[in-house]
Amino acid sequence: MGRTEDRRVTILVLSRLFVGVAQGFIFPAIHTVLAQWVPPQERSRSVSLTTSGMYLGAACGMLFFPSLVKHTGPQSVFFVEAVLGVAWSVIWFRFSSDPPRTDLPKVSMPKVASRDMIKAQAGGVVAPRTVKIPWRRIIFSLPVWAIVVNNFTFHYALYVLMNWLPTYFELGLKLSLQDMGSSKMLPYFNMFIFSNIGGVIADHLITRRILSVTKTRKLLNTIGFIVSAFALMALPLFSTPSGTVMCSAISLGFLALGRAGFAVNHMDVAPKFAGIVMGVSNTAGTLAGIVGVGLTGNILEAAKASNKDLTDSETWKTVFFVPAYLCIFSSVIFLIFSTGEKIFE
């Protein structure tokens, strides 16, 4: 490569690094805000709704970006994403609030008091803001590790499908993303739908006292991860685009349903430190992306070195079976070690 190409690669790597660092703060911040403002009986659907936006964004990206690249070039994708990011940042800084603000118009004392009541019910920041973080207890807590393991598995399966499913379509099914039309957005749109369904079901079970918080989290997490595992194992068995899209949509959809289990659980066990626990578990999720994408590439390289045909779906079984087995393992871990009770005051 020439000097210009080297510079472009360096800029690309640095840009991706800074984007990743910036995004690393988003989810802990979101869950800290939710833990402060949202009552326990609304936690599931609030987390599901706020985080499901990334799946809707992925679905819209899969639908519109291929045509955008075709007509205006790949640079337009980054420009659109940058504009959306800046626009949302302006909205966030204008309307977001952590402690009750006195500069909001028409806010009476009873309303401020009601805000404090909501925070108190959610285990939020009515307590002093200099609370010492119990790092040792968090790190050695088995319920926290149950969340971490499931976050790792969720993102392992998600990143493998996001990064390698298009390659499977092109090599295994001889089909490009542009040829798939709107069907390529179905798996991610399914995640948006199922994530919110899981949140509504969880809050209904808890509010109506049909199940305890612990049993609700375990039930939805288990259903989501086990169904996803079977769909992943079935995926390479289909030789048609419709069958593959269906399996990937079911797998990702039920993974998102499972978020009503592990992804809300940190607000149950540590409402005052929800952002901290989320940050720890999301670190595992980020590592899963690095490990999953890299390991999948090594699996395919090893298959290629063994003269196996990458256009044969049999070669891809290991790629999809690894996250499937992880889903089963993680669901068992969550069943055994998770709890819906508050363990960090």
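Glycine is no exception: its Cβ is also placed from the backbone N, Cα and C atoms.
Here TrEMBL flags 1-342 as domain 'Major facilitator superfamily (MFS) profile'.
The annotation transmembrane segment is assigned in TrEMBL to 12-34 (among others). Residues 43, 46-47, 50-51, 96, 98, 122, 266-267, 274-276, 278-279, 282-283, 286 of the same chain, all 6+ positions outside the transmembrane segment (12-34), place their C-beta atoms under 8 angstroms from a C-beta of that stretch.
The annotation transmembrane segment is assigned in TrEMBL to 46-65 (among others).
Below 8 angstroms of C-beta separation, residues 58, 187, 221, 225, 228, 232, 248, 251-252, 255, 258-259, 261-263, 265-266, 269-270, 273, 276-277, 280-282, 284-289, 291-293, 296, 319-320, 322-323, 326-327, 329-331, 333-334, 336-339, 343-344 of the same chain, each at least six residues beyond the ends of the transmembrane segment (138-165), sit close to that stretch. Summarising the annotation, TrEMBL assigns transmembrane segment to 138-165 (among others).
The transmembrane segment annotation in TrEMBL covers 185-207 (among others).
Per TrEMBL, the feature transmembrane segment maps to 219-237 (among others). Within its own chain, the transmembrane segment (219-237) is flanked in space by residues 150, 153, 157, 172, 198, 201-202, 205, 211, 243-244, 247-248, 250-252, 254-262, 313-314, 316-317, 319-321, 323-325, 327-328, 330-331, 334-335, 338, which lie at least six positions past its ends and keep a Cβ under 8 Å from the stretch.
If you look up TrEMBL, you'll see 243-264 (among others) marked as transmembrane segment.
The transmembrane segment annotation in TrEMBL covers 276-300 (among others).
The transmembrane segment annotation in TrEMBL covers 320-337 (among others).
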Taking only the residues in the domain 'Major facilitator superfamily (MFS) profile' (1-342), give me the average pLDDT of this model.
84
Counting only residues 6+ away from its ends, which parts of the chain sit with a Cβ under 8 Å from the transmembrane segment (276-300)?
20, 24, 27-28, 31-32, 133, 138-139, 144, 147-149, 151-157, 159-160, 163-164, 262, 266, 269-270, 310, 315, 318-319, 322-323
